[in-house]
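Quick one: the structure is below, questions incoming.
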Amino acid sequence: MTQLYTYIRLLGACLFIISHVQGQNLDSMLHGTGMKSDLDQKKPENGVTLAPEDTLPFLKCYCSGHCPDDAINNTCITNGHCFAIIEEDDQGETTLTSGCMKYEGSDFQCKDSPKAQLRRTIECCRTNLCNQYLQPTLPPVVIGPFFDGSIRWLVVLISMAVCIVAMIIFSSCFCYKHYCKSISSRGRYNRDLEQDEAFIPVGESLKDLIDQSQSSGSGSGLPLLVQRTIAKQIQMVRQVGKGRYGEVWMGKWRGEKVAVKVFFTTEEASWFRETEIYQTVLMRHENILGFIAADIKGTGSWTQLYLITDYHENGSLYDFLKCATLDTRALLKLAYSAACGLCHLHTEIYGTQGKPAIAHRDLKSKNILIKKNGSCCIADLGLAVKFNSDTNEVDIPLNTRVGTKRYMAPEVLDESLNKNHFQPYIMADIYSFGLIIWEMARRCITGGIVEEYQLPYYNMVPSDPSYEDMREVVCVKRLRPIVSNRWNSDECLRAVLKLMSECWAHNPASRLTALRIKKTLAKMVESQDVKI
């Protein structure tokens, strides 16, 4: 029974030592020396069983660097072990120290394994002053897992750097090769212009090409490859106009004069919309500006948006009226041809090759051109709206541009126009057309009298009116351009006055349609025996 009790005591002591030694480092074990005042073994009292550590004899050990405060002549006393330890510090210098190690945990600490961060070796013995003769040596250098990881990362970083450098070299070679190729192709362009004529045979005129595309093509204009070829071959001659969208140049293609509208890059939406409208199926009409080609030209540092159309040397109706007067026949010819163009725009043509209805949205005298035969054609379709009755959708361009305020209808100025329906856009065009007829009528001579050219509302608003200016005059006061008394004394001008008044009515529903205007003017043309 006594032996069983002793074994239980020993097992408890071992568990206690293990639980404490695991949380302690070597230094804490070495500083506790188990110093005693004498070397005698403890005597057991009657009926008392001693622990194993209390029965062990005490040793005298040599101490250096680990001496307790009460050490005498570099000696210390312990019931554990004497030790000697050699350590290497962060600077690589070695230090040899000695001392006493207390009994508890000494067996574990004497088997201390070297750490990767700190190289050291400890040796122990159990006889008096035995550690004076111990000569521990440092363990060999071992590459730990941390150092292994550093090498692996270094290898990875070097590999990545090599790959990046290789990619940069490869990309540079590719870009240089591409640049050289583009330079050579650009050089070949000037030499190979003649080869482009394979698409356009020698002797073919623009009229021939357009007639062929109308009869054998889809009716939406020239093939894109032909358009691009024409755009490349055009020679710019001189600038003939400039506006908020860009510039207009007179150019030449194989000796034929053409108009080249060069859009600012900020007006790409206008260029795209106008090109789209012009290439609508069955869009071509004698009173709509003749579209030839569209292209984007650039070298990387700059971009030009080209729209190539027929060239009309008489310029716009605005320019023409400022320097020319009209007789009644010329007036009717201008008005009727403009009405025909507007009627074609507004009319939807049904069928598999049909045409949607189109509203202009920026009708004014500057956007109507004068042809050689004295008739008109409508231009500048960058703000146009399309409508297809099959889908019942109003196709409004994504464009920040707005129409000209002076020509805006009342419902546009007061923002009451229903943008979800197409008919209001048609009626707004009719209002603008009424103002254009007024501009023409002022320049018509009757009885030797004619007024000087003026813009609508010239005496009511500033030269560059604001929305508020126009809204006050047109919507609030409901004023319209002044009419000369002489108009009532002439049969033709009296009929024209009635027509324009029905065009600029305040209520959109009261305005005439483009077809009605066309038919009314046709009767007047017939009565005046005007040759169209």
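In case you wondered, yes, glycine gets a Cβ from its N, Cα and C as well.
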Going by Swiss-Prot, point out which residue in Asn73, Asn373 is annotated as N-linked glycosylation site.
Asn73
Going by the ATP site in Swiss-Prot, where Val240, Gly241, Lys242, Gly243, Arg244, Tyr245, Gly246, Glu247, Val248 are listed, which of the candidates Lys177, Lys261, Lys297 is also part of it?
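Of Lys177, Lys261, Lys297, Lys261 joins Val240, Gly241, Lys242, Gly243, Arg244, Tyr245, Gly246, Glu247, Val248 in the ATP site that Swiss-Prot records.
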If you follow Swiss-Prot, the disulfide involving Cys124 connects it to which of the following: Cys100, Cys110?
Cys110
Under Swiss-Prot's annotation, the disulfide partner of Cys76 is which of Cys100, Cys125?
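Of the candidates Cys100, Cys125, the one Swiss-Prot pairs with Cys76 is Cys100.
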Name the residue among the disulfide-bonded residues Cys100, Cys124, Cys130 whose Cβ has the smallest number of other Cβ atoms within 10 Å.
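Selected from the disulfide-bonded residues Cys100, Cys124, Cys130 on minimum Cβ neighbours within 10 Å: Cys130.
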So among the disulfide-bonded residues Cys63, Cys125, who's got the most Cβ atoms within 10 Å?
Cys63
In terms of Cα spacing, which of the recorded positions Asn73, Cys82, Cys110, Cys130 are within 10 angstroms of Cys100 (disulfide bond)?
Cys82
According to DSSP, which kind of secondary structure is Asn73 (N-linked glycosylation site) found in, if we only use helix, strand and coil?
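In the DSSP reduction, Asn73 (N-linked glycosylation site) maps to coil.
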Asn73 (N-linked glycosylation site) has how many other Cβ neighbours within 10 Å of its own Cβ?
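A 10 Å sphere around the Cβ of Asn73 (N-linked glycosylation site) contains 6 other Cβ atoms.
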So what pLDDT does the topological domain 'Cytoplasmic' (177-532) average out to?
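So the average pLDDT across the topological domain 'Cytoplasmic' (177-532) works out to 86.
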Compare the Cα of Cys67 (disulfide bond) against each of the recorded positions Cys61, Asn73, Cys76, Cys124, Cys125 and report the nearest.
Cys76
Near Cys124 (disulfide bond), meaning Cα within 10 Å, which of Cys63, Asn73, Cys76, Cys82, Cys130 (recorded positions)?
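Cys82, Cys130, listed in sequence order.
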